[in-house]
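Only one structure is covered here, and it is reproduced in the block below.
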């Protein structure tokens, strides 16, 4: 759709948008390539020679050194310089799931790039579980970690102090804020973080199985160990007093740890085909809330994705003991169909899935992905979803996903692509430190913590284009103002992009789903 003329002129003159060309044709292949490229802009650590986002440099090279642990690598979660493990592990799971379901549809070079993006995360996660009698699962930070916590089994949750980092506007290459490592020491619980990390490693083992069996074995072996930690010491990581101040309000576990235990078990079952994980899902589903029928899927709440994943067991193998998971998956799908008799998920007037709380496109990308995955599972067994007043086919589920994907790429009331660098009309002032500050290549001099504020407050477009980044997106009225300070709308995250990789892989191969 073309914006109204007044809005059109307002955006050009006051926000620097330049919609030079508008076309009903969406290049899903180009968007796929850029959605994967984005992850290179989020890299922490020593960058390889084939790094394609050239304005980035090495960063975080001393992470973990004060604890005699190499915690370099991994991804910055969003527009800051902190490595939060909970969302990083979910990002990894979703990238791997994208390859598992739709990797065969990707051009060979993009499949390779996707695997490289996964491995940048899994190599980091493997470092966190590398020491005997000590389980390092994620990265994070709190205000008061002491060496007394460094005993026996531990789970580093973050690297870097988010409270200090968020008070700075500084390039990752210039970081001079604390790079503290924060951990959960058994018997203190971290089932959510450990369960998601187990899921990430197990799913990634499947993604690598056909190209590097040895690496896949390493990932799966460590996934088993991490899940044991998660299950043996049950509870939420952000309930630990020494973690809470660092995890919250950024990545608190708001929904409880139970879904991550089921999620981790489900991925271990799929990756290993071990019947003990099947029994776990059968025996623990009710006590861990599998019947709660929560219509949400994201870094904090895994219920809808869990139900879709486990439904494959029911559809492929007639596992009737898991039927409740499939019933919940069906119910969720019905909430997405406007004509069904179910209560519905909220949509904006322009047709975007909307949930309050900011970074709304994370919901659109994750839900689009599981719509396509569930359609694939149903199609393979020639089944539909009974939504009461109508039977919903896999084709209809794919069409619902396509509406969300197309909205993000520019078919929306603003006429704006919410993917940076895609089309001629995209956000120019994203909330991202590295993108908004001069690159180290153009400005090699040090820019201190507070010295970056002039760039944060500038109305100029970001000097470095973070190609492929998907921003938080518009509000419930479909309006996006391109304001760097409005992080809820203008900040990209890894977990918005990761499921979109799978969705784009499908539509690049099937632009007109049937």
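Glycine residues also receive a Cβ, built from the backbone N, Cα and C atoms like all the rest.
Per TrEMBL, these features apply:
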ACT_SITE  431  active site
ACT_SITE  482  active site
ACT_SITE  491  active site
DOMAIN    28-504  domain 'Glycoside hydrolase family 9'
SIGNAL    1-23  signal peptide
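Of all Cβ atoms in the protein chains displayed, 21 besides its own lie within 10 Å of the Cβ of residue 491 (active site). The average pLDDT the prediction assigns to the domain 'Glycoside hydrolase family 9' (28-504) is 89. Counting every protein chain shown, the Cβ of residue 482 (active site) has 22 other Cβ atoms within 10 Å. Sequence-distant neighbours of residue 431 (active site) (same chain, 6+ residues apart, CB-CB distance under 8 A): 79, 471, 484, 485, 486, 487, 490, 491, 492.
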